[in-house]
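In what follows, a structure is listed as structure tokens, so that the remarks can point back to it.
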Amino acid sequence: MKSNLSILSFGVISKKPSPHPKVGRFTAASLLAVLLLLEGGMFSSHSLPPALLEKVFQYIDLHQDEFVQTLKEWVAIESDSVQPVPRFRQELFRMMAVAADTLQRLGARVTSVDMGSQQLPDGQSLPIPPVILAELGNDPTKGTVCFYGHLDVQPADQGDGWLTDPYVLTEVDGKLYGRGATDNKGPVLAWINAVSAFRALEQDLPVNIKFIIEGMEEAGSVALEELVEKEKNRFFSGVDYIVISDNLWISQRKPAITYGTRGNSYFTVEVKCRDQDFHSGTFGGILHEPMADLVALLGSLVDSSGHILVPGIYDEVALLTEEEINTYKAIHLDLEEYRNSSRVEKFLFDTKEEILMHLWRYPSLSIHGIEGAFDEPGAKTVIPGQVIGKFSIRLVPHMNVSVVEKQVTRHLEDVFSKRNSSNKMVVSMTLGLHPWIANINDTQYLAAKRAIRTVFGTEPDMIRDGSTIPIAKMFQEIVHKSLVLIPLGAVDDGEHSQNEKINRWNYIEGTKLFAAFFLEMAQLH
């Protein structure tokens, strides 16, 4: 690959235009020099070494095809943690072994922690893939940064609407399509690639680095909390900062830093008449049909404007302040672009601020599906004898999981009692995860901002995320370390969806971002 570097007349090294026209970039060295001259500030007396940055960034550019090839090899492993079947568990174990070997080859001290087995509702037991704890460097004069990532993925099948095989990484117009490309194999590899660049150039790592990598995040991080609690005074004792890269920008082009996520309470509501289904010609008209009861229950949860109808559900939601409103106004979000990339005709709200608030700082309720209903092609005249509805509520500060569980259960019991049905109803909360929010004035956030300016030449959007990253709250409550989320993927990456992808540009520039972040974090210590 030819270098795209050129020398400007005033002697500053510069790159040719970015492939993204709205994000102009100098090289790291030249931009950083300008920033330091203009800004001063907390790092002005300890400027980053421009020559080293340039060497690292050139290395990453020259080896980007190798990095893409490694991502292809990782995507090919069908590490689905959601479907509890032995074949996928075997793939998960293979994925974790590949990752452990990769880290060992970088010189890391790696421990694969046995996590025991998972007992499933049907009585079967499946082994839980190991959690990787890895360490690179133990210099007491350096800061220690711990990176969390996961290598399990959501289910994917080409017959569900994928344009390509989800487990064959396919590049089309600079987009790398494949399950796990952006969630979360690409970002995990970007961090590893950044480490490998320093190693290949025989440069000392600017900071000590630790990894905690799991294989059950998509299934609720089974048994991880117990491990974090066990290791808080061992593996995590020397950690100064924690970084997660497991979410997306709010834009296709502008990078972001995330300082909050919503929680999630996942519910099932079962309505049962008997174990067997009924013939609608024989029994239709003389039964309380479970499906009719269930539809009424699900229909009572949320109205057509997205407002949750469960009494008391909004009581503990944090009050909206003028300062918070101003943060939404400052965020770059092209509503037309966002709507088009989402392939949605119309959102529930018309302004940027309303959309962001309802994505991030207000709860939402989504109905996900019905188990036990006839959903195949054709006409089957059956009355299901038993059905299970599935829905979840995304929680926000300061909602409490146990309080929400009681509110939902009480509401559904009230609705069901008014139907005078002879069927049996059972409400269960199968998952309860708290929201997380951080202080954006922590020094780690300032370092991340500077690294983004170095690589992308722009200020990041400071965003929250409407999804749930359980480990963030877990680290906050158990380990008590500063934590920052630095996403790499664009808003249209389609995590959890068909045709998930990460742009080559995001993957490679994200690798540079992490390398610059290492150097910025070294200045903090």
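Note: Cβ is positioned from N, Cα and C throughout, glycine not excepted.
Lifted from TrEMBL, the feature list:
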type: ACT_SITE; residues: Asp152; note: active site
type: ACT_SITE; residues: Glu217; note: active site, proton acceptor
type: BINDING; residues: His150, Asp183, Asp246; note: Mn(2+) 2 binding site
type: BINDING; residues: Asp183, Glu218, His496; note: Mn(2+) 1 binding site
type: DOMAIN; residues: 260-417; note: domain 'Peptidase M20 dimerisation'
type: SITE; residues: His279; note: site 'Important for catalytic activity'
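Compute the center of the Cβ atoms of Asp183, Glu218, His496, which mark the site for Mn(2+) 1; besides them, the chain residues with Cβ within 8 Å of that center are Val153, Gln154, Gly180, Asn184, Glu217, Glu495. Counting only same-chain residues six or more apart in sequence, the Cβ atoms lying under 8 angstroms from the Cβ of Asp183 (Mn(2+) 2 binding site) belong to Val153, Gln154, Asp246, Gly489, Asp493, Glu495, His496, Glu500. Considering only the recorded positions His150, Asp152, Glu217, Glu218, His279 (site 'Important for catalytic activity') has Glu218 as its nearest partner by CA-CA distance.
Glu218 (Mn(2+) 1 binding site) sits 7 Å from Asp152 (active site), counting Cα to Cα. Listed in sequence order, the residues of the same chain lying 6 or more apart from Glu217 (active site, proton acceptor) and placing their CB within less than 8 Å of its CB are Ser81, His150, Asp152, Asn184, Asp246, Pro470, Ile471. Shown are the recorded positions His150, His279; the one with the most C-beta atoms within 10 angstroms of its own C-beta is His150. Neighbours of the Mn(2+) 2 site: apart from His150, Asp183, Asp246, residues of the same chain with C-beta atoms within 8 angstroms of the site's C-beta centroid are Gly149, Asn184, Pro187, Val188, Glu217, Glu218, Ile469, Glu495. Least packed by the Cβ count within 10 Å, out of the recorded positions Asp152, Glu218, Asp246, is Glu218.
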